[in-house]
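A short write-up of the structure that comes next.
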């Protein structure tokens with residue numbers, strides 16, 4: 001993985017009439033990286049990818065591919081390509097013809113084209129007999145592989161993905177996520193992957209960029225985003241989370257032990273605690289931070305149990321424990337606690353910051 | 001549920017099915033029967049002798065057939081070129097304007113073809129709208145633009161434009177936007193997208209539009225009579241003449257059969273290939 | 001891949017040019033109808049509306065109008081009924097011969113109308129029916145009923161079969177389902193098919209030519225006059241015919257718009 005960025009985005013803005021879809025965003029993508037861009041629908045990720053592949057032009061700002069500025073270059077002149085959400089396989093062409101399409105456009109000799117297509121079929125673990133198959137005879141997963149093979153035949157500098165797995169069922173998606181990561185490793189190409197599913201992004205990518213309302217909220221490796229979200233939005237987006245508003249080192253309803261009191265003295269912000277970091281305390285057991293409530297509901301999550309615990313005068317807390325540590329059902333009063341190492345404090349000014 | 005579907009389908013198809021059997025298929029069979037009769041008889045209870053077909057072959061009727069088919073082929077090609085950009089606009093670019101255009105074009109269909117062609121006579125004749133005003137402004141007139149083969153082809157193009165335009169627009173609308181975008185992304189130029197993606201994927205619409213235009217133009221009569229004068233005679237006119245002035249029903253029937261076989265053959269071939277459910281948007 | 005703004009405007013301009021081209025001959029007819037001269041030449045020097053008065057007062061024109069109206073009216077009603085049922089069989093139900101049936105429906109539309117008219121004339125003659133405006137109704141229906149079927153089919157295709165199943169599930173009989181669910185939902189399609197049917201019958205010439213016998217419709221009369229030499233009444237009656245269609249179409253479109261607005265207002 002080289003240090004020189006392959007793609008640089010500089011103050012990129014896109015406006016549609018009144019509506020601003022992207023607010024002057026910046027991004028550097030390293031050569032050979034697998035970057036996932038994650039955000040809810042309407043966050044601007046689709047607009048961004050359309051600008052990156054050249055389907056649209058930015059209102060302001062620049063896109064650099066290595067040393068050349070490409071934001072005004074149309075998609076058919078850019079050395080990048082995309083795997084579409086719909087896959088956009090040509091229904092009137094066979095599997096082989098689909099894969100060879102970019103080579104045919106470049107006037108590559110038929111024999112060379114076919115050889116390359118067969119190589120790619122093998123790379124994607126499709127039998128060579130698929131060369132003559134019709135697209136509508138392929139299953140969902142096979143189509144996915146054909147689309148990938150076609151994009152690889154183009155030999156792009158950067159391969160973009162626009163949620164190509166979103167239409168597949170859960171198990172197939174899981175298999176293909178692994179295959180895609182494996183393919184990334186084997187080809188050494190730069191992958192930029194757009195998705196609304198954080199789970200997908202976490203499995204595959206080196207770094208995740210989280211988008212909200214046309215801005216990046218945070219760009220970092222998955223583990224860091226999970227442990228140290230930069231904003232409430234990121235914290236909540238990364239899954240089930242408990243958030244407590246802290247003012248001057250105190251949170252109503254939370255009892256701080258000496259270590260927590262020292263750590264948070266004078267601090268203001270939002271305290272982030274993941275449900276699996278919260279423990280149910282046995283009578284007399286101590287914790288850095290303790291709180292109490294009454295179990296409202298109980299959900300079984302395989303080997304774990306999740307409780308929603310109601311608290312008087314405060315928002316409910318979500319707790320997730322191993323099944324063997326479960327303590328009775330709704331109505332039971334409980335005392336909960338967590339350590340300072342499991343806490344992360346989001347400073348209030350960090351909320352609006354973009355990466 | 002399925003059994004009921006099958007029964008209801010058959011039941012509901014009955015009225016129009018029976019009607020077409022009696023008022024469409026039976027008359028065509030009758031024409032076929034008549035075409036085998038000896039000359040100038042008015043009933044089918046005679047000994048068939050197929051002499052009408054002999055007359056059709058030996059009397060040089062192939063020329064009128066060739067004129068009809070040639071002119072309708074020319075009109076089909078011209079209309080394809082003229083309508084493609086417009087159909088493309090309607091399917092992909094226009095938005096609201098495409099509704100205006102659709103209504104505007106459909107409305108002309110409701111005006112009798114005669115009146116519209118007559119309007120062209122008034123427009124193109126000597127002393128008509130075009131020649132009259134040019135003479136008034138420049139002082140020199142010309143002979144009028146009517147009564148030749150190109151003007152007949154022009155008239156065919158005019159009358160059958162909607163029959164090319166709408167199927168074409170429907171066909172282009174069936175080309176998935178993503179397929180075009182993907183080809184573009186993979187490096188295709190506009191022309192390559194047209195040739196590799198749009199043309200083949202819009203083929204059902206192109207096929208239906210071309211067939212419809214060709215078939216209707218091949219059986220057309222009014223264009224030649226009103227705009228063409230005596231420039232050429234087309235097959236439909238020969239059929240009419242044989243029935244009316246000639247009082248030779250078997251000959252008319254034989255000529256009609258030639259037209260029916262050509263047109264019907266093309267139509268059945270084309271209709272057989274089109275997937276109607278998909279074209280008309282079945283869920 | 002976006003179509004550039006310039007390209008978009010060029011296409012719109014092209015569309016307008018095509019529309020102008022389609023309507024140009026009607027402009028000529030319109031101008032001719034208000035020319036005072038008995039023998040028309042452009043540019044028109046003096047305008048007058050006398051021919052309209054003459055046309056409206058003429059008995060011939062009134063008879064023609066009556067025949068055309070009768071034919072078109074009956075064709076409209078029959079094609080709405082036949083087309084409604086035909087469309088259900090065409091688009092909604094899966095049954096054994098559906099594909100073949102769909103193709104049978106399309107054939108008359110492709111068929112040369114002049115030949116169809118002649119074939120019907122021979123048929124009526126053979127079975128001993130004397131052609132009159134009633135036989136013209138049959139001739140028109142051969143062409144128009146399939147068109148009505150197609151128009152209603154478009155609506156029937158977008159109709160969710162689950163709605164009928166839900167009605168049956170709640171105990172509706174076949175007739176209840178038809179009356180409560182199917183007919184109301186397909187109504188817009190049936191009405192536009194009716195409008196199509198009327199207008200197409202009103203303007204049709206090639207089918208009427210051989211099948212009206214002693215009666216005559218407006219387009220037939222116009223054709224006869226056009227071929228046999230110029231009459232100043234031709235453009236006038238032509239414009240009256242076109243005007244009738246235009247008014248009817250305008251009424252139809254307005255009604256559709258009002259209906260849509262009303263429904264939108266109710267849903268809002």
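The backbone N, Cα and C atoms fix where each Cβ goes, and this holds for glycine too.
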Annotated range (TrEMBL: transmembrane segment) out of C:71-93, C:209-231: C:71-93
Cβ contacts under 8 Å made by the transmembrane segment (C:178-200) with residues that lie 6+ beyond its boundaries: 72-73, 75-77, 79-80, 83-84, 87-88, 140, 143-144, 147-149, 151-156, 159, 163-164, 167, 172, 245, 248-249, 252, 256, 259
Contacting positions for the transmembrane segment (C:233-259) when only residues 6+ beyond its ends and CB under 8 Å are counted: 26, 29-30, 32-33, 40, 51-52, 54-56, 58, 61, 64, 68, 188, 191-192, 195, 198-199, 202-203, 218-219, 221-222, 225-226
Same-chain residues at least 6 beyond the ends of the transmembrane segment (C:71-93) whose Cβ lies under 8 Å from its Cβ atoms: 101-102, 105, 133, 136-137, 140-141, 144-157, 159, 161, 182-183, 186, 189-190, 193-194, 197-198, 201-202, 208, 217
